[in-house]
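Colleague: Below are the features I grabbed from TrEMBL:
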DOMAIN    28-469  domain 'Major facilitator superfamily (MFS) profile'
TRANSMEM  67-84  transmembrane segment
TRANSMEM  96-114  transmembrane segment
TRANSMEM  126-149  transmembrane segment
TRANSMEM  161-180  transmembrane segment
TRANSMEM  186-208  transmembrane segment
TRANSMEM  280-302  transmembrane segment
TRANSMEM  322-339  transmembrane segment
TRANSMEM  346-370  transmembrane segment
TRANSMEM  376-395  transmembrane segment
TRANSMEM  407-428  transmembrane segment
TRANSMEM  444-465  transmembrane segment
Amino acid sequence: MTAPVQEFQTQRFAKWWENLGLRKLLAWQATILISQMTTGYDESVVGSFQSMKPWVKDMEYPDSSRIGLITSIVFVGGFVGALVASPTADYFGRRVGMFVGSTLTFAGTILQTAAQTAGMFIGGRFLIGLGISFTCVAGPSLLFELAHLAMRGTISSLFNVLWYVGSIIAAWTTFGTGYMSTRWSWRIPSLIQGVPALLVMMSVLCGLPESPRWLCANQRVEEAQQLLAKYHSNGNLHSALVIHEMEEIHILLEAEAAAQKSGQNSWSILCRSPANRKRIALVATIALLTLWNGQGVIAYYFSPILTSIGITSTPQQTGINGGLQVWNLLFSLVGALLADRIDRRTLWVISFVGMILANVPLTISSAMYAQHGYKGASYAVVIFLFFYDAAFNLANNPLLYCYPTELLPFAIRVKGLSVQVAVSQAALTVNQYVNPIALDSIGFYYYIFYLGMLILGTCIIFFTFPETKGKTEVELAALFEDPKLDRADPITLDRLEAALDHDSKPCEKSAVVTKNEASNSL
């Protein structure tokens with residue numbers, strides 16, 4: 001990291017609440033974070049619906065195969081949406097991507113709430129998945145590209161933490177409506193699901209700022225500089241921080257221009273160079289590792305798991321689920337705060353090793369209850385489910401979008417995130433369709449499969465994940481570059497090294513953020 005940037009980042013959150021520009025920026029960024037509440041709400045509410053008799057009746061008494069379809073159809077929609085979310089966010093802007101996604105999600109919520117048949121319910125969930133993919137592609141990009149330099153890591157890692165805010169609201173809403181004996185027991189929670197999407201739509205219409213990088217890429221340089229000045233330096237167009245950020249954007253956009261001139265502005269740019277192939281391989285790996293670690297079984301099929309260990313009443317199940325979601329939020333926040341304090345790679349390893357340590361006693365306890373009916377074993381299962389989720393949320397939640405966003409340079413960021421979302425949705429479609437069948441067929445033995453995946457994932461992380469903590473965008477863009485291997489890559493190493501050298505010269509005020517400037521900015 002360049003010395004000036006490092007000096008600036010030591011100021012971090014000092015008195016940001018006294019800075020009008022930063023207060024406004026954080027308020028806008030909060031509306032971006034809200035979009036992820038829909039994902040958490042959806043994935044929690046479907047699990048709770050399964051313990052509601054009116055929902056089971058309205059869905060025509062679904063078997064495990066039909067439940068798998070109802071659960072996984074949202075991921076089919078997400079996969080389809082990921083294919084068109086990238087060009088939408090690239091050509092029309094991150095704001096448009098957010099608006100389209102929220103509109104689709106809201107429409108899906110209305111259809112799901114009004115469903116008279118299982119087919120209508122499934123159709124609504126397909127639209128919800130379609131919309132979620134747009135916000136999961138455009139949201140992290142906009143959040144990262146708007147973020148103040150001192151807060152970029154923490155703010156980016158908070159995006160997926162809001163998953164649990166939505167999940168908590170869903171869990172406790174269904175806990176309350178679970179006592180109702182009419183179909184409104186599930187219609188009310190379904191209707192509430194549209195609230196975050198509506199708030200995001202209103203935010204865009206009320207002036208949510210566009211990405212300054214996207215503005216510069218579309219010849220709206222003056223507008224981008226004014227935006228950075230307004231939110232990062234209280235309107236000072238000539239502050240060292242704003243000049244530094246504009247120069248950094250200019251350096252990275254030169255790579256974008258080179259890509260367009262060489263005909264690499266299509267999807268083929270993702271695989272034409274070894275550097276980009278490494279990035280996309282890592283992004284796809286992250287998507288798979290965060291899904292195939294066993295936590296998804298807990299998240300989506302919590303009710304059947306509790307039923308399998310003798311906890312069968314609706315109040316008990318929804319109450320435990322509500323407590324679990326609060327627990328998950330707390331550990332996600334811990335992970336988000338740790339993301340800028342310890343290395344990203346270290347945090348990943350801690351998370352996966354923790355899940356391994358929870359998986360083993362969880363499997364043993366489940367086996368003891370299944371084979372001998374020990375009541376104490378059922379309590380142990382619940383305890384280790386909580387430990388499993390705690391370990392998962394230290395890294396898998398806060399770094400799910402933050403880490404790939406850092407790995408991907410501007411030229412391929414949205415395309416790369418689309419790949420991540422598409423891989424995630426495809427894997428979830430298969431995973432969540434198979435999970436209920438596997439749990440029904442082999443029970444606790446299914447955890448052993450995920451133990452193997454956790455061990456494999458830990459090895460992959462340890463040997464292949466690069467460190468991104470504390471690096472500037474220019475340094476991150478140069479992370480995978482090798483002059484012997486990547487001569488054809490549009491982001492050339494020579495240009496990036498020259499830029500880094502320029503940034504580090506203390507006599508060049510335009511590229512230096514001094515400690516006094518940093519203090520004044522915050």
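Glycine is no exception: its Cβ is also placed from the backbone N, Cα and C atoms.
Describe the structural context of each listed feature in the structure shown, including burial, neighbouring residues and relevant distances.
Modeller: Sequence-remote contacts of a segment are chain residues at least 6 beyond its ends whose Cβ falls under 8 Å from one of its Cβ atoms, and for the transmembrane segment (96-114) they are 32, 35, 38, 77, 81, 85, 88-89, 120-121, 123-139, 142, 187, 190-191, 193-194, 197-198, 200-201, 204-205, 208.
Beyond its flanks by at least six residues, the transmembrane segment (161-180) meets 33-45, 48-49, 51-52, 54, 186, 188-189, 192-193, 196, 314-315, 318-319, 321-322, 324-326, 328-329, 332-333, 335-336, 393, 397-398 of its own chain at Cβ-Cβ distances under 8 Å.
Proximity of distant same-chain residues to the transmembrane segment (186-208), defined by a Cβ-Cβ separation under 8 Å and at least 6 residues beyond the stretch ends, is recorded for 28, 31-32, 34-35, 37-38, 41-42, 45, 48-49, 52, 54-55, 58, 95, 98-99, 101-103, 105-106, 109-110, 112-113, 128, 131, 135, 166, 169-170, 173-174, 177.
Among residues of the same chain six or more beyond the transmembrane segment (346-370), those with a C-beta under 8 A of the stretch's C-beta atoms are 289, 293-295, 308-310, 335, 338-339, 377-378, 380-381, 384-385, 387-388, 390-396, 399, 443-444, 447-448, 450-451, 454-455, 457-458, 461-462, 465.
Proximity of distant same-chain residues to the transmembrane segment (376-395), defined by a Cβ-Cβ separation under 8 Å and at least 6 residues beyond the stretch ends, is recorded for 164, 293-295, 298, 305-306, 309-311, 320, 324, 327-328, 331-332, 334-335, 338, 344, 347-348, 350-355, 357-359, 361-362, 365-366, 368-369.
Below 8 angstroms of C-beta separation, residues 282, 285, 289, 292-294, 297, 344-345, 348-349, 352-353, 355-356, 359-360, 362-363, 366-367, 370, 435, 438 of the same chain, each at least six residues beyond the ends of the transmembrane segment (444-465), sit close to that stretch.
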